[in-house]
DNA sequence: GCATAACCGAGACGGTACGTCAAGTCTTTGG
DNA sequence: CCAAAGACTTGACGTACCGTCTCGGTTATGC
């Protein structure tokens, strides 16, 4: 049933937990991560500050959990499309990712999350386990399916392939070093696949 | 002679400027970017706070300038090794970059810089122009030389190639998602070159 | 048998009541009245906070009861010495009182009690009835005996005499405006008696 | 010019100092000492909390200074009436003191001050020196004049006489143990003088 | 003789105030 | 006549307690 960084207890008020995470998400999009304060979260959530400090060790952890709650799919299973054509499928997925990054509603919180993760190794570990891992697994499954179908070299290092696909996209978005258009997504997929074709 | 983000003036005390940038660099490595304060910089530099506020618009700008001062080579020219063997040369360069990232003395300030840039588009623009551009140009020169030598496809998109080479490395370092060893650097170079071979 | 400010009930846990009053007394001498907290009392007594709030209306009331328990003599009767010589008897009593005030174990809680009473008229009333009255009555009995023996004027206002005897002593102790030695006690008794001699 | 407990400095803002002391006095009479908070003082005075903490070590010290400012007469000289009749003069003075105690506007702050002094020996010392001393000196001058006029015993202990006069009054007021009417004041004066008549 | 209700410990809750820290602005003063 | 020194207002920090409110778990009548 949920649960990211925060411990659990029967005594805990679910109403407060949800109010805090919701308030956090709203405030991030409204005022930005840099100006997000615990006091504002508490006020917006109608909660005492102590209730936040009781269950989360840092502002970053609250932000993290508030985004985690968003990303968790109810069924728990994430799957990439598999039409049989890796290149087409990956292009669709990367274009979608690029589009998401361009949507301020998504972008602001994720930018905040990245800032937090860069400076907090502990949080980074939780992030990888809870948020990155499930998605990465889904991506790897799709690539394995492609390899099995002979669309990729039999000895292809799929982890590396994934990095080649996604890192340039994320980097460009984070540092705003160029446009995130479909052309870039397509070129990325083509180049990455070229490196691992059979 | 100076010049990053900051304006200039004859009235300005060079002694103070240098003291501030030096103090900033020292403090970043000592206490980390998150705990860096203007007051501490002023105190360490033996300078009034106002003197900092007079010349820099934000903490990020000071940090930026303090690192810019470091990266500026006196002669102004940066050049990558060119032995004639792109693969070997790139591997050497990426291994060196990875090693730098592993050195806390370098890592802390650059991490700080990245945090700042992610959340400040204006600063990001200056960063790209003043710090990234010159290095990127040098890298592109090396790749162009390889293309001319027939080691890369004639129509290779060298900008994309650069992204494929460096983004996964930077990403892995920033998010600490894996080890930055020579094996990774080598695999990266091999895969990226494979995608653009003639 | 107990009973100060607090109501009673058969259901009430005697063990808890005693633990709370004991903890309160200990904490007053340890940390002082100003830093005494309900939470600390509850923790020390191994008791839920609610158990305190259920039976006492305020911190002052708990403190009061904890001291009341001390002052209550088992037999219920207090009597001043009566050797036939009022002056000698009063000097002995005032010296003893002064000595008590000099003992930190007594002084701290009584100081606390006075602080509480000064600012809480309701508590002051209970204090007068439960703690001051019995002692004052005993003192008056001794003075009446002296008046009957012709050692005081027949029309002496014994209440006023009592105030003249004790107020300067208490005042000096509370405000630390001078030493509480035997000389002071003696001088006080002599002057007060002089004002009411036959 | 002033100056009680607080240190001094040329840099200090006189405007803030006065605003804080005024706000403190107002708040004591409005909400009482127990509910007086530093935050409320700062807010009312239009001052940062830090400015209070910078110059005063405790809430008690602020309260103290705020009352000290009141009690300081501009000319610096306090004198009791001297009609030649000690008894009449003292009765007038004690009646006036009793009346002051009955006025809530005076009573509340002084009660607060007493609470503070009882529990803070350091503050008590300053209180004695700055506030009590000057008044006590004036009273002693009047008594000395009476002794010189042959209205008091030549060897009368005037300090003790003062205590006998004032302690019962103050005590009765602080503990609310009886009415502060003219009758009480008069009886007090008569009894005290009786003890020290020639 | 068993239910049931009050009391118990524990401790989470919404709050208020604490005392500290730093931000960014304004003022004084010494070199 | 700058610029260091540092006081100022502001606002958030993280902590301590407040007094209220469940939570289960004993008791110990009283039906």
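Counting begins at 1 with the first residue displayed.
Cβ from N, Cα, C; glycine included.
According to TrEMBL:
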- B:14-74: domain 'HTH tetR-type' (DOMAIN)
- B:37-56: DNA-binding region (DNA_BIND)
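Look at the domain 'HTH tetR-type' (B:14-74): DSSP puts its residues at 46 helix, 0 strand, 15 coil. Sequence-distant neighbours of the DNA-binding region (B:37-56) (same chain, 6+ residues past either end, Cβ-Cβ under 8 Å): 5-7, 12-13, 16-17, 19-20, 22-24, 26-27, 31, 62, 65. Looking at the DNA-binding region (B:37-56) alone, the prediction's average pLDDT is 93.
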